[in-house]
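Beneath this line is the structure, given in structure tokens, with notes to follow.
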Amino acid sequence: MTNQNKSQLFLLIGFPLILLVLFLANISIGSVKIPVWKVGEILLGMEGTKSSWINIIWQFRLPKAITATLAGAALSVSGLQMQTLFRNPLAGPFVLGITSGASLGVALLVMAGHMVGSVILYSGTFGHWLTIIAASIGSALVLVLVVIVSIRIKNSMTLLIVGLMFGSATSALVSILQFFSDKEQIQAYLIWTFGSLGGLSWKELNAFVPIAILGLIITLTSIKPLNALLLGENYAQSMGMKLKKTRFWLIFSTSLLAGGVTAFCGPIAFIGLAVPHLTRLLFNSSDHRLLVPAVIFVGAAIMLVCDMVAQLPGSEYVLPINAITSLVGAPVIIWIILRKRNIRNSFAG
Amino acid sequence: MNRKVSNTVPLYTQDLQIGYQSGKRHRTVLDRINLSMERGELVCLLGENGVGKSTLLKTISKIIKPLSGDVFINGKSISKLSNIEIAQNISLVLTERINTGMMTVYDLVSLGRYPYTNWSGKLSKEDWKKVDWAIDQANIAALSNLNAMELSDGQLQKVMIARALAQDGEIMILDEPTAFLDINNRLEIINLLKSLAKETNKAILISTHELDLALFSADKLWLATCCLPIVVGIPEDLVLKNALQETFDHDNFNFDLQTGRFAVKRAFHQTIGLEGPEPYFTWTKHALNRMGYAVVDNDETMNIKITKSGNDYEWKVNRLQDHLKFDSIESLLKGLNSVINK
């Protein structure tokens, strides 16, 4: 085993530990101050703490930490898949128009609420589920179109462009809807676009967790074709990889992962694009056998950190997660690029 | 006819028609293709750019479908073989530039084992052995821990050849393997392929438009000319049959039967006599030809004689009454210009 392999192994063992620490730290932070040891006691199910604290931990912070972990992992993995599939460093989970489709669904829902003259449709528990369903239908529709196109098209670059076009068209529809909407509707829609990790209760997690895990399992079974794709589609096919089949599964799992996150948490930017690059540089590898698990850990860890920053520790405000992911992430990436100067080399494409 | 080929022939085609199909329209590139390859043979598919070399290679390796006819690998039609089975028989080296990011040469070569590994791509002992063997055969052991993207073009080409070897088919197909390489690397790659064909007993097919490399290395040539059947033979027979001249028919070039090279057709405007020792004679002639002088043994008006004076050589020009001396070919050419323009 070479030195490089050793350090990779160390990182791969080290990251789950870091993740665990971040997970606990994430739960410990919030507008209500709860001592860390009390958090531990509550999580271990010990008696003797304030019931309001138990409630906060179990009904709010734990679901939110689980959501952040899964959302970070899901977005990062789908970003990695799209970058490898399209051999493009600027590809991310949303290049195929998933967010735009979801936005259109939510915008239509808000607009429908406007027409029946009520805001019930997008507020409260019922409204929350409606939003999730609308976003899912919107992104699913765009993805069905993309998949149909992908079956007919040989060239993945064409598919990328078609995906971008779908995205632009749906965004245009959203703009038109906004134009005809009231202030309240636009605000409701805008708040959805800020993204939120805290909106999921255990009920919603019951739907989100299986979707995300199924998506991750499909990716894990695609590791071998992903590695072959590093040589480009033609070489991959010459080694016996079935391009259309591989492409279908990659798009399918991306739609589960990125579509799921967007439906439940709103559009969360940056993570899916940046984490794969960050991970490649950290682990100094393009091998997906290492990258896929590593990206899961790094993505989850960064999302947990971003969520903690969004809590503005010590204050009662919670900032939009979408803004924090970019604010925290962008300088980190710039710093790494300037230090290593080889993101171009690190990227396969 | 080579239609009655036994099953031991690794690759043959039957009335193959190749080209591109889009909807109901199709464009034939090459037609009536009946070719076969033997084990241990280096075949050069030679033709001008755009004649359909890549299309033929892609059709043979089942990347595109034939318009009609069929390709047989070990006696089986490729239409009946799965992608994995094709990959186990044919490995490719393509012209496209790859960017694998941060991947070592060793890992890149081991990707060649793709058609043999399970779903996770984990290599077995047998696979490791094949990878080591391929790296050894391609003489790239010294590179194996380097990042593949840090290699020179020539080194990377050897790595891609090793990857194809690791894929371990009986047939290896390389599309323009010497394009983008300098002369040393071109020769090295061609020699490597030649020895691989002999030592590994694989059938190696390369496409190229570089005639000189093909002439001096191929066991067999496939000459592709637009709209005509492909001509097959060993290089020397094809030269003597004038087949090369016909394939590379061009207004500005002549095929020189003596040197096996194409030379620019020249229009000479004047003759000049030249005598002297080699290699001075040859290179002086070369320079004079370049300037538009036809060189003869003895000319009526102008003669050049190369003689030794001390340790150096000098060029003496006799033109009617003029007698001039020069100490280099450059000054000779300048002198000739001024003499003639006088």
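These residue numbers are counts, starting from 1, taken along the chain as shown.
Here the Cβ of each residue, glycine as well, is placed from N, Cα and C on the backbone.
Under the heading transmembrane segment, TrEMBL lists A:9-29 (among others).
The transmembrane segment feature in TrEMBL is assigned to A:65-82 (among others). Beyond the ends of the transmembrane segment (A:65-82), by six or more residues, the same chain brings 19, 23, 26-27, 88, 91-93, 95-96, 197-198, 200, 205, 208-209, 212-213, 215-216, 219, 222, 226, 250, 253-254, 257-258, 260-261, 264-265, 268, 271-276, 279, 288, 291-292, 295-304, 306-307 to within a C-beta distance below 8 angstroms of the stretch.
According to TrEMBL, the feature transmembrane segment maps to A:94-122 (among others).
Residues 96-106, 108-109, 121-122, 159, 162-163, 166-167, 170, 192, 199, 204, 207, 244, 247-248, 251-252, 255, 258-260, 262-264, 266 of the same chain, all 6+ positions outside the transmembrane segment (A:128-151), place their C-beta atoms under 8 angstroms from a C-beta of that stretch. Taken from TrEMBL, the feature transmembrane segment covers A:128-151 (among others).
The feature transmembrane segment is assigned by TrEMBL to A:158-180 (among others).
As annotated by TrEMBL, transmembrane segment applies to A:209-228 (among others).
Positions annotated as transmembrane segment by TrEMBL: A:248-278 (among others). Beyond the ends of the transmembrane segment (A:248-278), by six or more residues, the same chain brings 67, 70-72, 74-83, 85, 89-94, 96, 98-99, 102-103, 132-133, 135-136, 139-140, 143, 146-147, 150-151, 192-197, 199-200, 204, 207-208, 211-212, 214-216, 218-219, 221-222, 226, 291, 295, 298-299, 302-303, 306, 321-322, 325-326, 329-330, 332-333, 336, 343, 346-347 to within a C-beta distance below 8 angstroms of the stretch.
What TrEMBL records for A:290-311 (among others) is transmembrane segment.
If you look up TrEMBL, you'll see A:317-338 (among others) marked as transmembrane segment.
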**Asked** Thinking of Cβ pairs under 8 Å, which stretch from A:9-29, A:158-180, A:317-338 has the most of them with the transmembrane segment (A:290-311)?
**Response** A:9-29
**Message:** Below 8 angstroms Cβ to Cβ, which residues of this chain, lying six or more residues outside the transmembrane segment (A:317-338), approach it?
**Reply:** 31, 193-198, 265-271, 274, 277-278, 281, 302-303, 305-307, 309-311
